[in-house]
C-alpha cells in the first residue's frame, strides 16, 4: 500500500519475469507432451487427458495469448470485486490463494471465448467477457469459503481463518457426508487419528515426487507398447512417421524417462513463475482488504488443514486415487464407445490435494468412514469434471473452436491436458448459457451482474436493520 519507488520497480520486474518464467515452463512441459500424445493416440486409438491445473494453465498461457491476457485481467478485477463484496455483503471472505485464482480466471476466459465473446477482434466483447468473468469469479471467491466455514471451525477450533481452494465445494460435500455418517452411526465414529499409519507413505505430500511418479507411469503406459511394436517393425514408415521419429531418436527407454521427468521440470518452472508474480499481487490485495474490511476472514490454500489430521491426509488421498482409477475405466469404456472425446487418466496431484483435504473434512464428524467415502466421492467428481469440459468444448480439442486456434502450431499437445478440481464446475454456468444462440453472451453478463449486486444489496439491507435494532 505504501511501497517506495524502488519497491514498485522491483515488484513490476517480478511480475513481468514471473509471466515469462511461466511461459518458459509451459514450453518445457509441452515439449514433453509432444512425445507422449502421438504414442498414446497411436497405440490405443484414443485421446488420453491428464487433469493437472498447473500444467494446463501454463500451457494455455503459452499457447493462447489472447485468453491469457483476458484471464489475467479477470483475476485482477475479480480481486477488487472480492474486496467490495467482502465489505458490503454478508460473506466477509477475502480469497488469498492466488495461484488457483489465476487458473480459475484462465478457465473462465477460455469458456467465455466459446460462449460467443469474440474478444480477439471485438473490444465490446472483450469488455463484456471481462466484466462477466470477473463477476462470476468474485462471487465464487466469497461463496466457496462460506460453504466450508462451519467445517473449518470444527477442524481448526477458530472462526478466524477460512479455506480458499478450487476443491472447496468438494470439501464441503465431504464434510456433509461425514456429518451424515455421524448421524446414522450408533456410536461416535473412530477418528483417522486413532490409527497408526506408516510414515513411509508421507513422501506423496511432496508435489514434485507425486507428479514424477504419476507421469512416469503414464509414459510407461504409452512408450512400452509403442516401443515393443517399433522393435517388432509393426509401424508403417509413411503413416506412422511421427511415431517412428520419436522412438528412433535414441534409445526409446531413455527418451521415455527423460520425457517423463521433463514434464515434472516444466510444472516446477510454471509453479515458480506463478509464485513470482502472485507473490507481488497477493500482498497488495491483502493490504487493501485489511484497511477496508472489518471482521474479514482470509481464505487460504488447502494445506492449512493438514496438521489437524495427518492420517486423514493419507486415507483421503488413497481413497480419492482409487476413485480416479475406477473413473479411468469408466471413461475408457465411454471413450471406446465414442460417447466422450477423451479418457481421463488419474492424476496424483489433484487426487492428493483434494483427496487429502476431503479426508480431513470427512473425518471431523464421520471418522474413518467419513474420510474414505467423502474422498472417494470427490475423486469421482474430479474425474468427470474434465469429461464435461470436453463435451462442452470448453477446452481445446482436435475438432473444436479452441482447438482451431492452435492448429498448424506445435501446441497440439495442449489437448492432452485439462482442469482437475471440483470447483471448476463454475465454468459450466457461462458455458451452458453460451449455448443459447445470439443472446447467450448477454444473458451471461446480465445474470452475473444481477447476482453480484444481489449479494451487495442483501448485505446493505442486513446491516441497516442490524443498526436499527441497536438501542439508542
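Every residue, even glycine, has its Cβ placed from backbone N, Cα and C.
Taken from TrEMBL, the feature transmembrane segment applies to 12-36, 67-86, 93-114, 126-143, 208-232, 252-278, 312-332, 338-361, 368-389, 442-461.
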Problem - Any contact, the transmembrane segment (208-232) to the transmembrane segment (252-278), with at least 3 Cβ pairs under 8 A - result: yes
Problem - Ranked first among 67-86, 93-114, 312-332, 368-389, 442-461 for CB pairs under 8 angstroms with the transmembrane segment (252-278) - result: 93-114
Problem - Same-chain residues near the transmembrane segment (442-461), Cβ under 8 Å, at least 6 residues beyond its ends - result: 81, 84-85, 88-91, 112, 115, 128, 131-132, 135-136, 138-139, 142, 429-430, 433-434, 436
Fill in the blank from the handout: Sequence-distant residues near the transmembrane segment (93-114) by C-beta distance (under 8 Å, 6 or more away from its ends) are 53-54, 56-57, 60-61, 64, 66-68, 70-72, 74-75, 78-79, 82-83, 86, 120, 129, 132-133, 136-137, 140-142, 144-146, 162, 164-166, 271, 274-275, 278-279, 281-282, 285-286, 289, 293, 296-301, 392-395, 400-402, 419, 421, 423-424, 426-427, 430-431, 434, 444
